[in-house]
Amino acid sequence: MVRRQEEEKKAEKGMRLGKYELGRTLGEGNFGKVKFAKDTVSGHSFAVKIIDKSRIADLNFSLQIKREIRTLKMLKHPHIVRLHEVLASKTKINMVMELVTGGELFDRIVSNGKLTETDGRKMFQQLIDGISYCHSKGVFHRDLKLENVLLDAKGHIKITDFGLSALPQHFRDDGLLHTTCGSPNYVAPEVLANRGYDGAASDIWSCGVILYVILTGCLPFDDRNLAVLYQKICKGDPPIPRWLSPGARTMIKRMLDPNPVTRITVVGIKASEWFKLEYIPSIPDDDDEEEVDTDDDAFSIQELGSEEGKGSDSPTIINAFQLIGMSSFLDLSGFFEQENVSERRIRFTSNSSAKDLLEKIETAVTEMGFSVQKKHAKLRVKQEERNQKGQVGLSVTAEVFEIKPSLNVVELRKSYGDSCLYRQLYERLLKDVGTSSPEQEIVT
């Protein structure tokens, strides 16, 4: 047995995927394996999810791969496993992910039992911070469970496995999701009813189940008979131990409200006194985006010429909301829903090509007196005039995302500066290159 393991290690050692050297297998799933990988340039370690295309051929993979991969780049949060790069060969999709070494929260509870309320609340706070961030990006997980909550070396949680088991159904005219997905014990009643549901509300239900397990060590709804299990879920009202604090009991009860309309929201959760005890908000990495240059190639899917990564000098960029779109559990509905929050980030659509858009944007902002720095499909725009407070007038990043060949999204992101000037810039660009009507612009 030992000899066989040594032979397997020798066989695995030296396997290459571009600049990555693949090592031991960390896990296996329905569509492939997860392997340890080391970046031979930086020396950093990663986990590579290797997906066999032949196993998802019946899911219209070739069509769905046209979705926009750059959406994954938006998910930059300390409590969400980071996707660093996606490499595709003729037979495989290779997702280079952040390596999380602490195992599953599920295993910790199975081994050690329930957490104390203080420790459990800390885990729950991190979970809600991560999910709240996803929802703010218009992304809904839809398969939240303890097995999809990992722990890093410091014991902090990392939400993972946004799903690769099936393709999502499209939103219908009612604006609701109609795909029944998720693990039975964690699924919300409205999902089981298959009448359409709000992705955010269903995620809150699943988080409520997770909180219950963290604090009690058992599932709120469980039965070997699926029909009975579904009846329990739809009824709600799980037994809540009296030894939990009133705040914890109230939180569980409000999260496991079978009515999605009256179920507590993320805002309500964060406003509760129980949640706010010793709460230290997690800070997303979004604000670093304007300061740190990111090689766009690191967030594109490159079509390798072979499994070893010896491709042509001009790799094919695969447009893919797809790595999210492939998932029955990860939905992007909110990405294009209007939000009256602030003007820090504005998106609008255009029928022009990405190349033409960048040229037109550069011309327009130059005429307005802005300086421009260009890199890949991104422009960094600055107005150097200082206001009365001595601050630089405005700094904005403009980026183009391809949804399909005849449709692009222009995203403007303000780092700092005058909101009035930012609005003038947006209105000029919308006039010159945009197709969105005022009702279709997305403001976040």
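Glycine too: its Cβ is placed from the backbone N, Cα and C atoms.
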Looking at 13-42, 103-132, 343-372, 373-402, I want to know which stretch Swiss-Prot calls region 'PPI'. 343-372
Least buried of the recorded positions Glu28, Asp143, going by other Cβ atoms within 10 Å? Glu28
Cα of Val34 (ATP binding site) to Cα of Asp143 (active site, proton acceptor), in Å and rounded, measures 19
All chains considered, the count of other Cβ atoms within 10 Å of the Cβ of Val34 (ATP binding site) is 18
Its residues classified by DSSP, the region 'PPI' (343-372) shows 14 helix, 8 strand, 8 coil
Would you count the other C-beta atoms found within 10 angstroms of the C-beta of Leu26 (ATP binding site) for me? 16
Rounded distance in angstrom between the Cα atoms of Asp143 (active site, proton acceptor) and Leu26 (ATP binding site): 21
